[in-house]
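Student: Straight out of TrEMBL:
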- 49-70: transmembrane segment (TRANSMEM)
- 120-139: transmembrane segment (TRANSMEM)
- 203-228: transmembrane segment (TRANSMEM)
- 248-271: transmembrane segment (TRANSMEM)
- 312-328: transmembrane segment (TRANSMEM)
- 340-360: transmembrane segment (TRANSMEM)
- 422-452: transmembrane segment (TRANSMEM)
- 504-525: transmembrane segment (TRANSMEM)
Amino acid sequence: MKRLSKTLWNYRSICLIVLTPLLLLPLPVVVSTKQAECAFVLLLMATYWVTEVIPLSMTAMLPAILFPMFGIMNSSGVAKEYFKDFHFLLVGVTCLATSIEKWGLHRRIALRLVTMVGVNPAWLMLGFMSGCAFLSMWVQNTSAVMMMMPIVEAVLQQILGAKVYAGEDNPNLQLDGTSSPTTSICLPRSPSRTQQDLMTCKAMCIAIAYSSNIGGIATLPGTSPNLIFSEYLNQIYPNCNCINFGKWLLLCLPISVIMLLLTWMWLYWLFIGSDFKFLWRCGGERSEKENAARKVIEDDYKFLGPMSSQEIFTAVVFLMMVLLWLTRSPGFMSGWASLFPHYITDATVALLLGLSFFIIPAHGPSRKYEALISWKEFQALMPWKVALLVGGGFALAEGTKESGLSLWVAELLTPLGDLPDLATIVVACIIVTTVTEVASNAATITIFLPILSPLAEAIHVNPLYVLIPTTLCTSFSFLLPVSNPPNAVVFAYGHINIMDMVKAGLGVNVIGVLAVLLAVVTWGVPLFSLDTYPDWAPVLPGFNSTTP
């Protein structure tokens, strides 16, 4: 029995892969309706995504196999769902991120933000958080953390008074962009270091991980759940034209700012102390450690030298991309996209400007022609796993619509209309926030969108009123190192343990959910007309389409 138990444990992934479809088999065999067959695919994919017994991107391929077998959709129909407008936007944004990282613009932005706020541990932490959050608005959250952590590590060595090489400069402070969690040095616990120093180190490291998720929610391309939601909305509600870059920024940038400030104060109180007098204390003598930290930051910024032509071009393209996104269709006026009615999207802008990085020469005519970025460099940063995962989610969403499963779920959930709308949204946010701690953010939102959309129709509220807060809460995976890649990257540096992250994450989860709820019941209402049932959403039998 002991050997059998050990064998089963060693092969638990195989057992789960085999047992899950067997347990779900009564749905397609006994019930044998299109809705039941689609439910079989949905539950099977949800189980595999949550447990990750096979790679997420390969689980996303199941609709391409099972939908044709069940007669829900033909093979070519499923294949079309795997490449959407979302993927072009992802390609364009990744081109920009590749150039930012290759030419070091991220280090210049981060160091400039840190020098602006000062070197007091509290202000320094806010500076690092602001820099990481800003980067996460435009590049992948994991990339933002990996860009920031070498800078944070270098500064922490000065704050914690690391004495190495008999007082010589520490060579590990050279920010050459090659640092990583597996090559960075974990600071030794020297006797000269106080508990306060170690707590400061913990607070700053956790702050970097959390601020990447907080910043990512502020823009549509900032994190994959936002993009998945946007494309899902275009697919299921093609007449809904209310989600664009500008409106999303108006809704979510205040949420990010509120969360960033409250998270900063929460982490300061939890790890460093409850004395907040520094908020109104001006000037004063700096400590030796603060002077050392300022010196390393200033030296690193001087080491970058003046902005290179490559950095300037990347910055110009970045500003152009943001400006074109904001003015494409701002809502309060007709944007430049009105010149190309119904043809231009944010993806068109991202792809056009992203293509320029493969054309513009990186150097002058005196050197051999080389583009700003190469295909190899782009491929290294392109999140192909996310692209396939999202494609599987779109195929699943289309399958639920074609099979009638979404309508069946909507009718089943109609009794929930007796509950207050806000109560339903709070429960949905809590459930999503809980699940995203153990499943990837992209997988979580992909699972829940086909469920929550019919729920909104069933209780006759604006689908955006349910989908927007739950989409944002999908990014609130703060509790565990395995909850998302940024947490894992920071944890690998060795400065924090799991309980540090759990204690801090619980508070940040509460802050995040409350900030999102505040937004959707206040400034979100006039922005997206959340208090009325839209004409682009279907009206179920039993409801009057003219009533809000």
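Including glycine, each Cβ sits where the backbone N, Cα and C put it.
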Student: Do the transmembrane segment (248-271) and the transmembrane segment (340-360) share at least 3 Cβ pairs closer than 8 Å, excluding pairs fewer than 6 residues apart in sequence?
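Tutor: Contact absent: fewer than 3 Cβ pairs fall under 8 Å.
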Student: Looking only at the recorded stretches 49-70, 203-228, 312-328, which one has the largest tally of CB-CB distances under 8 Å to the transmembrane segment (120-139)?
Tutor: 203-228
Student: Do any residues of this chain, six or more beyond the ends of the transmembrane segment (312-328), have a C-beta under 8 angstroms from a C-beta of it, and if so which?
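Tutor: Answer is 92, 96, 99-100, 103, 105, 138, 244-246, 249, 335-337, 344, 346, 349-350, 353, 356-357, 360, 372.
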Student: Same-chain Cβ contacts of the transmembrane segment (203-228) under 8 Å, 6 or more residues past its ends?
Tutor: 86, 89-90, 93, 121, 124-125, 128-130, 132-138, 140-142, 144-145, 148-149, 152, 156, 243-245, 248-249, 252-253, 255-256, 259-260, 263-264, 267-268, 270-272, 346, 350, 383, 386, 390, 393, 441-442, 444-446, 449, 471-472, 474-478, 484, 486-487, 489-491, 493, 495-496, 500-501, 504-505, 508, 512
